[in-house]
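These features come from Swiss-Prot:
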- 45-278: domain 'Radical SAM core' (DOMAIN)
- Tyr54, Gly111, Glu144, Ile328: S-adenosyl-L-methionine 1 binding site (BINDING)
- Cys60, Cys64, Cys67: [4Fe-4S] cluster binding site (BINDING)
- Phe66, Gly112, Thr113, Gln171, Arg183, Asp208, Ala242: S-adenosyl-L-methionine 2 binding site (BINDING)
Amino acid sequence: MTNIALLQSLGLFDARVPRYTSYPAAPVFSGAVGADFQAQAIEALDPAVPISVYIHVPFCERLCWFCACRTQGTQTLAPVEAYVGTLLQELELVKKHLPAGVKAGRLHWGGGTPTILSPELIHKLAQAIKAVIPFAEDYEFSVEIDPMMVDEPKIRALSEEGMNRASIGIQDFTDIVQSAIGREQPFENTRACVETLRRYGVHSLNTDLVYGLPHQNRESLAATIDKVLQLGPDRVAIFGYAHVPWMAKRQKLIDENVLPNDMERHELANLAAKMFTEGGFERIGIDHFARPDDSMAVAARSGKLRRNFQGYTDDTCPTLLGIGASSISKFEQGYLQNTAATAAYIKAIEEGRLPGYRGHRMTDEDYLHGRAIEMIMCEFRLDLPALRARFGEAAETMVPRITEAAAKFAPFITVDEAGSMSIEAEGRALTRMIARVFDAYETPEARYSQAS
């Protein structure tokens, strides 16, 4: 049996599994954990330890058909201005519970499209955030940027407020692919955006690509990657397109007949990995690449790579505070998601309530399983002695799961004398499926994306 046939027989093209950007995955969250938990977790923060802050801006001028994010379209700035006002109100609510002296080691603006904000709104929001949670000395402020919705005044405003990393969504530069996903973005506009960012001192650059898009093939993806390499990013993420029209209604606009088949998707992923590694990048986890001197590559080599809701990260802050509709916070005590619908979120804030509406309170077992899965996702191994050192006898519950994974996914898993498990390079496409063996929660597969 060929390697690809063996991968296929193990369910590579059929399984739907979590991306494990959190553990447990978000579908496990419960309405039993809400605003009271949110307030208590914020009040328990240690001012001596910097936190990460995520700001969600759920607006776009145009809705890309492939996107499954919580976003809404608007052709005017009025709802955006109103929403920023609500963000400022939420910050004031958070401030009531926040211990004095808490600082932000990381600040990330995502969406939607944060660059839909005008320069005036950029300044207003950034200054309000810093008034409540000032930057730590060695901070990172990153912003997701749409090259078609940004100009020099916006970049200048972001730079003046401290942005030092930009993340540019690209997906694919091929005209027919862009037309099929409702996203027009010429390479020239993207290159001009990058040049302007660098002119304003933003030298750390991430780019996002997607494989498995309609009409995409090896030639078109290779041409896109060639152009991306010309931009000189420090990091690249390339995600598999998840076609879930039953969850993301706008995906019904995509013609399923021109989507690459499973084998073609697999070949596209392998092509991207080959081109980026040959282009001087180190492979990070299952879908990221970074220059050897980038902090993410350094973290990966030193065993400090972590997972969060943006994917892989070198962020060492133990707390993520989410601000805005649908944003998710991660506290030592567990996870908390803000009300997802923008109107309901605004209503909660206007009533003077913290907007947390569902979450999960972590147990000792959750911490153990979560760390085991994070090891697998970040390092392609499970270090059993390290789990024993941290969790004591409870780590022994991983032994039968290691045995199960080794039997189910042979010959792609090896187990050493210490009981630690490693995934061979040829089997790393199965990583999410292997991680699921260590997931103690049973959730419907329909909630998740394809494993490959």
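Including glycine, each Cβ sits where the backbone N, Cα and C put it.
The shortest Cα-Cα distance between Gly112 (S-adenosyl-L-methionine 2 binding site) and any of the binding-site residues Tyr54, Cys60, Cys64, Cys67, Ile328 is the one to Cys60. Counted within 10 Å of its Cβ, the other Cβ atoms near Asp208 (S-adenosyl-L-methionine 2 binding site) come to 20, all protein chains included.
For Phe66 (S-adenosyl-L-methionine 2 binding site), the nearest of the binding-site residues Tyr54, Gly111, Glu144, Ile328 in terms of C-alpha separation is Gly111. Cβ contacts within 10 Å of Ile328 (S-adenosyl-L-methionine 1 binding site), excluding its own Cβ and spanning all protein chains shown: 22.
If you take the Cα of Cys60 ([4Fe-4S] cluster binding site) and the Cα of Thr113 (S-adenosyl-L-methionine 2 binding site), they are about 5 angstrom apart, rounded to a whole number.
Cα of Cys64 ([4Fe-4S] cluster binding site) to Cα of Asp208 (S-adenosyl-L-methionine 2 binding site): a distance of 14 Å. The number of other Cβ atoms within 10 Å of the Cβ belonging to Cys64 ([4Fe-4S] cluster binding site), over all protein chains shown, comes to 22. Taking the Cα of Asp208 (S-adenosyl-L-methionine 2 binding site) as the reference point, the closest of the binding-site residues Cys67, Gly111, Glu144, Ile328 is Glu144. Cα of Gln171 (S-adenosyl-L-methionine 2 binding site) to Cα of Ile328 (S-adenosyl-L-methionine 1 binding site): a span of 24 Å.
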